[in-house]
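S.K.: One structure is given below, represented as C-alpha cells, and several questions about it will come after.
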C-alpha cells in the first residue's frame, strides 16, 4: 500500500510499505479520506525527533484523520460499512492504571499514530479500535472531521481551565492550537479571549471570530493590553500555547489574583517559571497533554454549529502532492493555519 513515509530527518517519500490491516474482532477498517498536517508531523520531518520520541526507522506520518468504514470486526455493532467517521489517534492500554483513572492520555503505554515507532495514517486504509472511532454527523464534512483532533486539544485546555461563564481569557500564541483553545474557551463560556502573537496574518485569521481580540505583541505589550481590557485586574485564565521560553516570563503578570494558568505549548527545553509570582497571587497552574474523554464532545460542538473550523483550513492537497504539503508546512507561512491532504481515489 502506498503511503507518505518519513524515511529519516528531512526525507519524505511516497512509496509502497507494508502496514498492519488485519481487522480484529473489535476493530474497524477505514478508507482514509482526509488527513490534516499537524505541527508534530512537521517537527518529525524537520528535526527527526520530539523529545524522547526519535524516528529510528521509516514511519508513516499523519494522525488527524477522517474517512469511511469499509469493514467491521465480529464484535462491532455500532458501525457498518459506509459510515463516515473520525478517529481518536491515541489508543491506551485499557487495563492500565491511568486508563482506569480516566486519564488515558498520560498512559505510558498509549499507542499514538505517527509517534515513533507507531505508523500514522497517510495511507489509503487504516485499522482502528471501534471504541476510539466516532461517527460524523451528516452536517460535518470529512475536512471538519479531520479537525476534531486538534480541536480536542483546545477542548481539553478549556476543560482543565474550569471556565466560569463570563471569564476573560488570554491565549499566548496564535498558531493552530492557540486558535482552537480560544474557540473552545468561548464555547465554554468565556466572554472574550485576547490572543497574542507577533504574526499579523495569523492574528487577522483569529480576529474574524466574534469574541476573539487580537494583540500584536510586536506593537503592544500583552501586559498593557490585558490591563486595559480588565481594568488592571488581570485575566481569569491564561493559556500558554506557544511553547516559547520567552512567553513564560509574563504569564503571572497578566493573570488575576486567584486566576489560572494553563500550560499547553510544549517547550523543547526546560524553562524558568516565576514561582514566587505565582504563589503571591495564589495562581492555579494546570497542564495539558493531548486529551482524554473529550473527542466526542469536540465533535458534538462542531456539529452544533457553535464552532466553525472551516476558515482555518488554508490549503488542501491531493495525496500525490503530499510531500509538497509538508514542504509548505515546514516553511511556516504566516497565512497558513491548517493544511490538509485528500486521499480520495487511492486504492492502496
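Backbone N, Cα and C define each Cβ position, glycine as well.
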S.K.: Pick from 7, 144, 149: which one does Swiss-Prot list with 38, 63 for the same Zn(2+) site?
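M.R.: Between 7, 144, 149, Swiss-Prot records just one in the Zn(2+) site with 38, 63, namely 149.
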S.K.: Is residue 63 (Zn(2+) binding site) helix, strand or coil when read with DSSP?
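M.R.: Its secondary structure by DSSP: coil.
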S.K.: Taking the Cβ of residue 63 (Zn(2+) binding site) as the centre, count every other Cβ atom within 10 Å, in any protein chain shown.
M.R.: 26
S.K.: Taking the Cβ of residue 149 (Zn(2+) binding site) as the centre, how many other Cβ atoms fall within a 10 Å radius?
M.R.: 26
S.K.: Tell me the Cβ neighbour count for residue 38 (Zn(2+) binding site), meaning other Cβ atoms within 10 Å of its Cβ, over all protein chains shown.
M.R.: 24
